[in-house]
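S.K.: Would you mind keeping the following structure in view while I ask a few things?
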Amino acid sequence: MSAKKPMALVILDGYGHRETQADNAITNANTPVLDGLMANQPNTLISASGMDVGLPDGQMGNSEVGHTNIGAGRVVYQDLTRITKAISDGEFQQNETLVNAIDKAVKAGKAVHIMGLMSPGGVHSHEDHIYAAVEMAAARGAEKIYLHCFLDGRDTPPRSAENSLKNFQELFAKLGKGRIASLVGRYYAMDRDNNWERVQKAYDLMTEAKAEFTFATAVEGLEAAYAREENDEFVQATEIKAEGEESAAIVDGDAVIFMNYRADRARQITRTFVPSFDGFTRNVFPAIDFVMLTQYAADIPLLCAFAPASLENTYGEWLSKEGKTQLRISETEKYAHVTFFFNGGIEDEFEGEERQLVASPKVATYDLQPEMSAPELTEKLVAAIKSGKYDAIVCNFPNCDMVGHTGVYDAAVKAVESLDECIGKVVEAIKEVDGQLLITADHGNAEMMIDPETGGVHTAHTNLPVPLIYVGSKAVEFKEGGKLSDLAPTMLALTDTAIPAEMSGEVLFK
């Protein structure tokens, strides 16, 4: 069998690009190898943060998200950004599960109930999503739109719900239909420790309008709770109903949409709407269409608007299906990233996949040994390149990230310099076997060691772009505007391997 010419991906963890030289451990390090590559090899900058990696706009990237996106060959959206994006591009408003539930209730002259954590917190839900659901129900002809508000005060300040409630009151006034039907603190509605007596108060409130208190408006109900010394999280079951208004309890034929996207605190209240539930005795059990925004648990037999995104045909799985061999190699600190996260959350190796782990040094903090285990890792990586055994190799050098996190500038510079030496050996090996190499990063860190705003030590990741360098015999010219999820399709194209349909990332050369 002839020796394989590997396609290698080397991820320099935490190696971001920043124009400013001040406090930049990367540009201030002595790096003849990387400087030479940047001067003489095809290279570009790619995005590793925010919506480009499925995070909220402007949010810095991290290693888990970065490696997941690289391996998937598509942007992997977190639930918050997935729903936000679906709303902005109209996919939410056309979602078949939501459309069917709303339309069925409208046709029967029934109500559409929307429940969820009314908060801009963004941890379990986002009120912008709930706003969109109300507008969607109204646009599809629902006359009775009832909003059941779970109040936050944990992921938001303890008494901050008034603004949210006013916004929804204004929305209903503008629509000329619908109203806030109930208030209850998340302590009751979103318990996750089997305190069913709490959950029952929220269930009875929504299904029977059974409440400790009734007020004409939501803001009045909230003010009364504050007067009772109850912060948002602990607001007792409160019915909102002005004189002459009909009850907004959930009844047969209604549609109920639960707008929380995070599962752990949504499961219990959702299970109370399942026929087989026995956590407490329900006085009423309405026959309804109940829609979970995301799948709270695989064993909850209710409708789900946004099923879990499948990460089928990641780079590793696809290479395996194509009968190719691959190696994943890193030291302890980033081993999980080049294996579990790179494989889309799959623990086991694919057929043809091998793994090598180099132990990270046993030091209190990595500024004490900025080169970490890079020399040994490089030795093993070079041997793997020359072995002729592997079609593809993925390697992570953790130094810039792990030493960057210590905040010790001089150590970060040393980390970069030790990497430069290592990269020189890797490039030499690749050229020797006529292989191909992409050098990049999963996010930035070491390029900003002092916070420009506070003047204090900067130990966090950045939201800056990362370099992408090609070494190999192909005449490659990069396109601008790439992101981490473009790397897998690019590597497949470089090796003349078919690209699976699931990979929506782009090939990064012209």
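Backbone N, Cα and C define each Cβ position, glycine as well.
Below are the features listed in Swiss-Prot for this protein:
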| type | residues | note |
| --- | --- | --- |
| ACT_SITE | S63 | active site, phosphoserine intermediate |
| BINDING | D13, S63, D442, H443 | Mn(2+) 2 binding site |
| BINDING | H124, R154, D155, R186, R192, R262, A263, D264, R265, K334 | substrate binding site |
| BINDING | D401, H405, H461 | Mn(2+) 1 binding site |
S.K.: So which recorded positions out of D13, S63, H124, A263, H443 end up within 10 angstroms of D401 (Mn(2+) 1 binding site), measuring C-alpha to C-alpha?
M.R.: D13, S63, H443
S.K.: Listing them in sequence order, which of the binding-site residues R265, H405, H443 have their Cα within 10 Å of that of the residue listed as 'active site, phosphoserine intermediate'?
M.R.: H443
S.K.: Relative to the Cα of D442 (Mn(2+) 2 binding site), which of the binding-site residues D155, R192, A263, R265, H405 has the closest Cα?
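M.R.: Smallest Cα separation from D442 (Mn(2+) 2 binding site) among D155, R192, A263, R265, H405: H405.
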S.K.: Identify all same-chain residues not among D13, S63, D442, H443 whose C-beta atom falls within 8 angstroms of the centroid of the Mn(2+) 2 site's C-beta atoms; report them in sequence order.
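M.R.: Going along the sequence, the neighbours appear as I11, G14, A48, G61, N62, G66, H67, K334, H337, N396, D401, A441, N445, H461.
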S.K.: Can you give me the same-chain residues 6 or more apart in sequence from D155 (substrate binding site) with a CB-CB distance under 8 Å?
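M.R.: Listed in sequence order, they are S119, G121, G122, V123, H124.
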S.K.: Just checking, which of D13, D401, D442 (binding-site residues) has the fewest C-beta atoms within 10 Å of its C-beta?
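M.R.: Selected from the binding-site residues D13, D401, D442 on minimum Cβ neighbours within 10 Å: D13.
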S.K.: Relative to the Cβ position of H461 (Mn(2+) 1 binding site), how many further Cβ atoms are located within 10 Å?
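M.R.: Here the count is 25.
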S.K.: How many other Cβ atoms are found within 10 Å of the Cβ atom of A263 (substrate binding site), counting all protein chains shown?
M.R.: 19
S.K.: May I ask for the distance between H443 (Mn(2+) 2 binding site) and H461 (Mn(2+) 1 binding site), taken between their Cα atoms and rounded to an integer number of Å?
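M.R.: Cα to Cα, H443 (Mn(2+) 2 binding site) and H461 (Mn(2+) 1 binding site) are separated by 7 Å.
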S.K.: Are there any residues at least 6 positions away along the chain from R192 (substrate binding site) with a Cβ closer than 8 Å to its Cβ? List them or say none.
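M.R.: In sequence order, D264, R265, R267, Q268 meet the Cβ cut-off.
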S.K.: To test your reading of the Mn(2+) 1 site: which residues beyond D401, H405, H461, same chain only, put their Cβ within 8 Å of the Cβ centroid of those residues?
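M.R.: Along the chain, the qualifying residues are D13, G14, S63, C400, M402, G404, H443, N445, A446, T459, A460.
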S.K.: Given a 10 Å Cβ-Cβ cut-off, pick out the one of the binding-site residues H124, R265, H405, H443 that has the most other Cβ atoms nearby.
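M.R.: When each Cβ's neighbours within 10 Å are tallied, H443 leads.
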S.K.: If you pair up every Cα among H124, R154, D155, R186, R192, R262, A263, D264, R265, K334, the residues annotated as binding substrate, what's the maximum separation in angstrom, rounded to an integer?
M.R.: 37
S.K.: How many other Cβ atoms sit within 10 Å of the Cβ of S63 (active site, phosphoserine intermediate)?
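M.R.: Result for S63 (active site, phosphoserine intermediate): 24 neighbouring Cβ atoms inside 10 Å.
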S.K.: Can you tell me how far the Cα of A263 (substrate binding site) sits from the Cα of H461 (Mn(2+) 1 binding site), in Å?
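M.R.: Computed Cα spacing between A263 (substrate binding site) and H461 (Mn(2+) 1 binding site) is 27 Å.
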